[in-house]
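Here is the structure we will look at, set down as structure tokens.
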Amino acid sequence: MSAVLSTPKRSRTRAADHYLTFLMVVLLGYSLAGRGFAYIGAPPLFIGEVLLLSGLLVMLRTGGVFATVSSLPGTLLAILIVWVLARTLPYFGTYSFDALRDSVIVMYGLLAFVVIALLYDEPERLRRLVLAYSGFAVFFVTVMPVVYPLFQLLHAQIPTWPRYGVPFISLRPGEVGVHFAGVALFVLLGFRRLNPLQLAMLVFGMALVAAHSRGGMLAIVVPLAIALALVPRSRQLAPLLGIAAVTVIVALVLNLEIEVSSRKLSVDQLVTNVMSIMGTTDTATLDGTKQWRIMWWDKIIGYTVQGDHFWDGKGFGINLADDDGFQVVDAEDGQVLRSPHNAHMTILARAGVPGFVLWAALLGSWSVFMMRAFLLARRNGDRAWARLFVFLFCYWLSIVINASFDVTLEGPMLGIWFWVLFGVGIAAGLIHRHELENRSPLPHS
């Protein structure tokens, strides 16, 4: 508090506004270049760590610090961070920076506190974020349907970072799918209108991801279905569905196929992905990866819920793929694995059952917080607020779904997006509630 009181208001505001711009630039970089953008910097301070540390410094100079833990999700996040630190620091001497790297699945949650403090300190920054995302939506839907297939076709020719061998652009289908879902949500909820060509690009991009990745497909379909159930009236729903239908018909008639990695992007592949989620298929690759995941998850449950690591897990730093006997080279980026393709299993394996219970409570409490905020806004006739809460919840849910099938929250590409959305959701709920409390009641006649 003394640091806040001793800092001139204008200086604090300027620093926070500059940081917000920096945050938006970093989020844009992760969405467009993926893992390639994450390697800007030098160990141990890559761009994500610079964002986090500078954000904490700025947060301490704002007047919204106490808002960070004023909600149940914020309090649970603080407790979970303490637990993860307790399961990380004892292994730092053995695993060095690998321990810190593995802990970011939760430690990036400190960014949620930064976002809450900045937005609650100056609510106008929330409006600025929404306007910035409106521009991002148009840019992403114009660029990514071209960049993503080109990356898949030409990834071997893309220049790499000299020290790490990582391409300057390295995109996973789930990451791209989450942002296509975000743009589609933004459009269907009425925050931005797209012209027919842009809608066609959006449909094409979502189809590419859905044919390439089962997790990416679910990360698109489920949030959109929930959003339309909560806010059924959308002026752009009919055009979007019409363009989607035309796209499928044309692809079927012309038997369009695009060779990408080990799969063909086609309507047949899309159907195969749907069938593989619902049951088994005749495709050995899809069924094999699903069985591999299930076997690994069963082993994690065995040595935590039913085993010796019930209370403590294996800690942060150890390579779970090596220690559990499930090491393979990741087909998407050519890297060896460190964690199972499921963030929830990663938490269970590393933080034990207490950590997993805290994690589940955190996700559940944030979901309830957002739904209560949505219902409160709708009950008070605040339609824009209600749509914003649905957008934030469904966008965040898209990342959670993708994190249930892929290594997602363990890295900054979607991990930082996840925690930023988490923080924006809490801040928006607090700001709206404060706005309602300060409205002048109507005079009695």
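Easy rule for this one: first residue shown is 1, then count along the chain.
Each Cβ is built from the backbone N, Cα and C atoms, and glycine gets one as well.
Straight from TrEMBL, the features:
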type	residues	note
TRANSMEM	16-33	transmembrane segment
TRANSMEM	65-85	transmembrane segment
TRANSMEM	105-121	transmembrane segment
TRANSMEM	130-151	transmembrane segment
TRANSMEM	171-191	transmembrane segment
DOMAIN	199-360	domain 'O-antigen ligase-related'
TRANSMEM	203-231	transmembrane segment
TRANSMEM	237-258	transmembrane segment
TRANSMEM	356-377	transmembrane segment
TRANSMEM	384-405	transmembrane segment
TRANSMEM	411-431	transmembrane segment
Cβ contacts under 8 Å made by the transmembrane segment (130-151) with residues that lie 6+ beyond its boundaries: 24, 28, 31-32, 158, 169-171, 176, 179-180, 182-183, 186-187, 191-192, 194, 198, 201-202, 204-205, 208-209, 258, 260, 265, 388
Cβ contacts the transmembrane segment (171-191)/the transmembrane segment (384-405), at least three under 8 Å, sequence gap 6 or more: yes
Cβ-based contact of the transmembrane segment (16-33) with the transmembrane segment (105-121), 3 or more pairs under 8 Å: yes
Tertiary contacts of the transmembrane segment (65-85), as residues 6+ beyond its ends and Cβ separation under 8 Å: 1, 4, 59, 103, 106-107, 109-110, 112-113, 116-117, 120, 316, 351, 354-355, 358-359, 361-362, 365-366, 369, 422, 426-427, 429-430
